[in-house]
Amino acid sequence: MSHSVKIYDTCIGCTQCVRACPLDVLEMVPWDGCKAAQIASSPRTEDCVGCKRCETACPTDFLSIRVYLGAETTRSMGLAY
């Protein structure tokens, strides 16, 4: 099952999440919106197993990256009973 990985604008380009991911789901891409001139991107979300190591590694208090597991995605969309 793939999971939704969202990168938010609080990314500081530190690469901690990329290094923490055991499946190389994340990568850094050029971006002019931060001092590091790069931001995390998730081009391979279908490979995400939902371990949330990227969230744990993120120094911006879990605000840069969110991994939504299948049940969480359903709840957040108001589809759960």
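Backbone N, Cα and C define each Cβ position, glycine as well.
These numbers come from a predicted model, not from an experiment.
Per Swiss-Prot, these features apply:
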| type | residues | note |
| --- | --- | --- |
| DOMAIN | 2-31 | domain '4Fe-4S ferredoxin-type 1' |
| BINDING | Cys11, Cys14, Cys17, Cys58 | [4Fe-4S] cluster 1 binding site |
| BINDING | Cys21, Cys48, Cys51, Cys54 | [4Fe-4S] cluster 2 binding site |
| DOMAIN | 39-68 | domain '4Fe-4S ferredoxin-type 2' |
Closest by Cα to Cys17 ([4Fe-4S] cluster 1 binding site), out of the binding-site residues Cys48, Cys51, Cys54, is Cys54
If you measure Cys51 ([4Fe-4S] cluster 2 binding site) to Cys58 ([4Fe-4S] cluster 1 binding site) at Cα, how many Å is it?
-> 14
What is the three-state DSSP composition of the domain '4Fe-4S ferredoxin-type 2' (39-68), stated as helix, strand and coil residue counts?
-> 8 helix, 7 strand, 15 coil
Rounded to a whole number, how many Å is the Cα of Cys54 ([4Fe-4S] cluster 2 binding site) away from the Cα of Cys11 ([4Fe-4S] cluster 1 binding site)?
-> 12
Nearest to Cys21 ([4Fe-4S] cluster 2 binding site) in three-dimensional space, by Cα, is which of the binding-site residues Cys11, Cys14, Cys58?
-> Cys58
Simplified to three states, DSSP reports Cys17 ([4Fe-4S] cluster 1 binding site) as helix
Between Cys58 ([4Fe-4S] cluster 1 binding site) and Cys48 ([4Fe-4S] cluster 2 binding site), what C-alpha distance do you get in Å?
-> 16
The number of other Cβ atoms within 10 Å of the Cβ of Cys11 ([4Fe-4S] cluster 1 binding site), counted over all protein chains shown, is 22
Check each residue in the chain of Cys14 ([4Fe-4S] cluster 1 binding site) that is at least six apart in sequence and keep those whose C-beta is under 8 Å from its C-beta; list them in sequence order.
-> Ala36, Pro59
Inter-residue Cα distance where the pair is Cys48 ([4Fe-4S] cluster 2 binding site) and Cys11 ([4Fe-4S] cluster 1 binding site), in Å = 19
In the structure shown, which of the binding-site residues Cys21, Cys48, Cys51 has the fewest Cβ neighbours within 10 Å?
-> Cys51
